[in-house]
Amino acid sequence: MAASENVRVILRVRPQTSKESERGEDEVIRCISDQSIQVYDPTQPRGGRASTALAYQFEQCFGPTCMQEELFSRCGVKGLLDHVLDGYSATVIAYGPTGSGKTFSVAGKPDSIVRNGTGDATDGLVIRSIESLFDKIRERQRDGLQFKVRTSCVEIHNDAVIDLLRSSRKQRGSETLPVKFDTARGSFFVQDLSYGKCPSEEEILRLYMKSLRNRSVAAHEMNRDSSRSHALFTVYVDSMVKQESGHIVTRHGKMTFVDLAGSERLKDSKSEGSTLRETGSINRSLFTLGKVISSLCDRKKVKVPFRDSKLTQLLMDSIGGSSMTLMIACVSPSSGHINESMRTLDYANKAKNIKNKPVVLLDPEQNMVEALKKEIEALRAENRALKNALSSGDVESARQLAMSAPEEFFKRYSSSERQQSAPRPATQSSLPTVIEHRSASTGRLRAGRQEEEEEAKFAGRKTRDVFLPHVQVRQRSPPSSPEPSRPTKSAWEDAARSSAGRPRALQHERIVRPPSKTRGTRRGGGGG
């Protein structure tokens, strides 16, 4: 998986409605290829001329004749499902003005689903994705993998988060859930959210239909089945993978389908009462979402206003975060909706420049284990480079290289083959030696310890801060010789000066320090 990838954006142009045709509205948005559309000037006769048209390019463009099955096959959702089973997070966002076909693309016809169930040609991406997901799970289970599936569904109604699996329409407003920030994961979550266990696709479809029944819907002049809230339906897939060591690693993939409420103009929708309040809340949250998209596309390091609405808080991971995101921009082809359609096209054109960094979702403990493994490997390479540098015979130049160009230092000295093939430096005798490390910052002497202590000491330093200490070597007396008398301070200094030109080697014995002169007398002493 690449380190980062752009948000993928596709466009769907719905067919004209009978009312739009009766009013004589022209089709001003036309798909000219599978990846591009043209928007014609509605002030020109019959949609204007090609020379005055604006062109937009997206990953896929679907015209008014596109069927639901074709959308599912070509939009890229199937590939996202494979990544979800591998432990990644994926998001599908339907974006556009009211009545542009967002809910139809994501869910199909909710009333028909609630009454007749699934299996119709109008089934949307959610139902088709659930069926495909369980087919893929059954295929992987044949290889010995284990999966657990859960689901949740919330709606954001008047900037309040409501659990659609627990609250009915009559209970709405009395059971709103708070949104909290998880510092460990760096994203927002809904506190006290309920999750439904889904051992089969029948159970998850039952819960999905329950959420459709509980969602807020109202009629107005522009849409008789207008969604009055943003809905987020999430499928969680926990996969258990047994590694070669026998340790079981659990990956937590998830797939979120976001059906946004559509932006509205009050003079067109003629909303009143509670519907008027809902329209204001919807437009404010979508305006904040637009600011987030614009901020993420701005090259200047500006603050992204994720915290300004509940919607952008819950989409923080999907837009500019660690999720793989597919945006479906839905528009009307009619000239009567050209302003809303152009606004949608502009935001969709910006969104495709947003970069996400997908990562595999693991347990916090397993995340720490994986991070520690990488750190251990890096420290081992660092330790090998330091040992190779010490045995190279030119410690001073290696030390200067480590301080000035750490990357070049590790490139030169990190090869294990170099360590094995490098000849041992010639010494005056084969007797074991002891090294002293002189701190570059304080100049104090520190005795050499066991190899494990040396490795721990080097491992405690960051790669960019690595430096080679000054090294002085002194030979010990042979074990067979009589125990030498304790050296005087002058003898110690002579030995240190005479060892300045000798080759340096790493040994593990503790140094024998010279005796220090006793200064003063003990308290209470001084007399016979």
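Cβ atoms here come from the backbone N, Cα and C positions, even for glycine.
As recorded in TrEMBL:
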- 6-354: domain 'Kinesin motor' (DOMAIN)
- G96, P97, T98, G99, S100, G101, K102, T103: ATP binding site (BINDING)
- 411-528: region 'Disordered' (REGION)
- 416-432: compositional bias 'Polar residues' (COMPBIAS)
- 456-467: compositional bias 'Basic and acidic residues' (COMPBIAS)
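Secondary structure at P97 (ATP binding site), as computed by DSSP, is strand. Each residue in the domain 'Kinesin motor' (6-354) has a pLDDT score, and their mean in this model is 88.
A C-beta separation below 8 Å, combined with a sequence spacing of at least six in one chain, links G101 (ATP binding site) to R12, R14, C330. Following the DSSP three-state reduction, the secondary structure of K102 (ATP binding site) is helix.
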